[in-house]
Amino acid sequence: MEQYRGTTIVSVRRGNNVVIGGDGQVSLGNTVMKGNARKVRRLFHGKVIAGFAGGTADAFTLFERFEAQLEKHQGHLVRAAVELAKDWRTDRALRRLEALLAVADKESSLIITGNGDVIEPEKDGLIAIGSGGPFAQSAATALLDNTDLPARDIVAKALTIAGDICIYTNHNHTFEELDG
């Protein structure tokens, strides 16, 4: 699936802590339309955190659908993600939505794609999506492997590095965090 322009979302787990952070830039073509968008949210009574890369309106639609699945499945993250992915793949209206979601609860971190994929990251719950994702993933991997920094600091540093390199990512960061 294409990496969407206009954002960087990073999620890291360390110890009993999980953090998702994102930048605030919204771009339309080669123009910055907004610099303080909030692309990271708390869902399901604050027990799930999520971030999106892709079209803003599409992402809000997906957040609503995902939260409905969380309610339907009593907050079971994996089950809700699989059901959303199924709907996203089969529903004609949803199929046109262009976004990726990074979601996490106290136990799991997942990427949900419009292709119907639900992907659990291989290492340290590290997720990096969006145009600056590869830069942020590289930075976060190095920090996880070589420092004892807390998850929030790793996410912040990875977003900063991505923002220094990716023209579609800025330095206006928002974070959501869950402690185990």
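Every residue gets a Cβ built from N, Cα and C, even glycine.
Predicted, not measured: the structure shown is a model, and the values here were computed from it.
Around THR7 (active site), taking its Cβ as the centre, 32 other Cβ atoms fall within 10 Å, counting all chains. What Swiss-Prot records for THR7 is active site, and it gives sequence analysis as the kind of evidence.
Sequence-distant neighbours of GLY163 (Na(+) binding site) (same chain, six or more apart, CB under 8 Å from its CB) are THR8, ASP23, GLY132, THR169, ASN170, HIS171, listed in sequence order. Here Swiss-Prot flags GLY163, CYS166, THR169 as Na(+) binding site, drawing on sequence analysis.
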Environment of GLY163, CYS166, THR169, the listed Na(+) site - residues of the same chain whose CB lies within 8 A of the CB centroid: THR8, ASP23, GLN25, SER131, GLY132, PHE135, LEU159, ALA162, ASP164, ILE165, ILE167, TYR168, ASN170, HIS171
Which one, from the binding-site residues CYS166, THR169, has the smallest tally of other C-beta atoms lying within 10 Å of its C-beta? CYS166
